[in-house]
Amino acid sequence: MSIDSLDMEARGVGRLLNEDGTPGKVIFVEGALPGETVSYRSFRRKPSYEQAHLVEVRQESVMRVKPGCQHFGVCGGCSMQHLDSRAQLAIKQRVLEDNLWHLSKVKPDVVFRPIAGPDWGYRYRARLTVRHVAKKGGVLVGFHERKSSYVADMTRCEILPPHVSAMLVPLRELVGGLSIRDRMPQIELAVGQEVTALVLRILEPLTDADKDLLRAFADQHKVQFWLQPKGPDTVYPFYPADAELAYTLPEFGIRMPFKPTDFTQVNHQINRVLIGRALRLLDAQPQDRLLDLFCGIGNFTLPLATQGKSVMGIEGSEALTTRALANAEYNGLAARTEFACRNLFEVTAEDIAALGRFDRWLVDPPREGALAVCKALGELAQQGSNVLPQRIVYVSCSPATLARDAGLLVHGAGYRLAGAGVVNMFPHTSHVESIAVFERG
């Protein structure tokens with residue numbers, strides 16, 4: 001069978017022909033690439049499609065490359081290592097444009113050059129699963145196997161920073177020596193500028209011997225351990241207690257302290273480039289009042305504060321709102337910033353109107369998108385309100401919800417999609433991050 005394209009999960013897509021020559025059932029083949037002729041084995045059959053494993057590549061695509069990780073194909077952390085990095089970007093751009101058009105009949109005036117950076121060692125945040133497996137004689141620490149609840153037997157990971165990848169085997173040995181080796185379901189990783197933090201989710205208290213092992217490991221590998229006995233709000237630094245987790249935005253002279261459970265961007269290098277492009281697209285003037293929705297700890301808010309007259313950040317999490325305020329004070333930007341905690345998934349037109357007019361907005365929602373915000377703007381446009389901003393820069397981590405929201409802004413609130421492009425925040429995965437700019441009038 002010939003493979004024509006890739007789907008959102010990086011599976012090759014081919015189509016069988018019926019006996020009369022008309023297009024038949026769609027076949028999704030894991031590991032196959034566009035332009036290839038393959039043989040496959042189906043493992044799930046439905047009336048209109050089948051899912052299949054790749055058996056043999058009979059004609060190879062020019063886009064196929066050797067995966068950079070020995071665990072690729074088993075580990076579920078990556079799905080595109082067999083695809084040339086330039087082709088990955090092109091496919092992600094096509095996914096973005098297809099979603100915009102097919103879901104909302106919207107096309108960008110300009111397609112931006114993709115934002116891309118290092119393909120390896122980029123992942124500064126990760127959630128690793130811990131599993132005590134008696135049959136394997138120890139503990140596994142890593143990502144899940146592809147489409148499985150099993151943990152991959154990983155000895156290194158090429159998308160993690162090299163010092164973290166080199167720590168995986170010692171970390172397995174450490175956990176295997178703890179009394180609660182079977183009562184620690186996950187380890188959350190957060191890498192800062194100077195500190196690497198490991199958050200241990202513990203279901204039972206550590207013994208004194210366990211604590212000694214953690215201290216010795218932290219000293220040897222230059223990491224900081226945090227403990228999480230219950231929910232995310234119970235996280236606290238264990239050892240060393242005084243290390244500060246932070247990342248920097250040197251272009252703006254900003255340092256951003258954060259807790260390892262706070263939301264921060266996975267890819268530090270791409271984050272810096274993304275902020276720079278977002279600010280250039282927003283093109284704030286010295287007299288402008290700016291609004292940053294879903295502001296988190298102030299990742300965009302504080303750089304924006306160096307551009308316009310003032311900026312207001314709104315965030316749904318009280319903890320993140322508090323952190324954003326503290327970061328503004330830490331960086332000497334408190335006088336030019338204001339923060340509020342609001343549920344932006346339930347915001348109304350009246351709520352938006354009550355904020356007053358802001359000249360330009362930056363919107364950076366989670367995967368759910370900004371549905372309520374965009375609906376509210378549509379209602380305000382119908383009312384002839386003067387609070388709608390001239391320009392909106394929208395940073396998205398889901399092309400489907402961006403497309404939905406773009407349709408509301410373009411068809412309901414009088415904006416045009418001036419430009420859009422992909423941001424390769426997660427190389428070698430099918431995750432599509434993007435940035436778009438909307439203009440009104």
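Note: Cβ is positioned from N, Cα and C throughout, glycine not excepted.
Features of the protein shown, as given by Swiss-Prot:
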{"type": "ACT_SITE", "residues": "C397", "note": "active site, nucleophile"}
{"type": "BINDING", "residues": "C69, C75, C78, C157", "note": "[4Fe-4S] cluster binding site"}
{"type": "BINDING", "residues": "Q265, F294, N299, E315, N343, D364", "note": "S-adenosyl-L-methionine binding site"}
{"type": "DOMAIN", "residues": "1-56", "note": "domain 'TRAM'"}
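Taking the features listed in Swiss-Prot, we show where each one sits on the structure.
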residue: C69; record: [4Fe-4S] cluster binding site; contacts (Cβ under 8 Å, 6+ apart): C75, C78, Q81, R156, C157, E158, I159
residue: Q265; record: S-adenosyl-L-methionine binding site; contacts (Cβ under 8 Å, 6+ apart): R125, N271, L274, N299, M425
residue: F294; record: S-adenosyl-L-methionine binding site; contacts (Cβ under 8 Å, 6+ apart): I314, E315, G316, L344, V363, D364, P365, P366, A370
residue: N343; record: S-adenosyl-L-methionine binding site; contacts (Cβ under 8 Å, 6+ apart): G316
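Per DSSP, the secondary structure of the domain 'TRAM' (1-56) breaks down as 0 helix, 36 strand, 20 coil. Of all the binding-site residues listed (E315, D364), E315 sits in the most crowded Cβ setting, with the most other Cβ atoms within 10 Å. Note on the domain 'TRAM' (1-56): its mean pLDDT in the predicted model is 93.
By the criterion of other Cβ atoms within 10 Å of the residue's own Cβ, the least surrounded of the binding-site residues C75, C157 is C75. What surrounds the [4Fe-4S] cluster site, by Cβ distance within 8 Å of the Cβ centroid and not counting C69, C75, C78, C157, is the set H71, F72, G77, Q81, F143, A152, M154, E158, I159, H428 from the same chain. Residues within less than 8 Å, Cβ to Cβ, of C397 (active site, nucleophile) and separated from it by at least 6 positions along the same chain comprise P366, R367, M425, H431, V432, E433.
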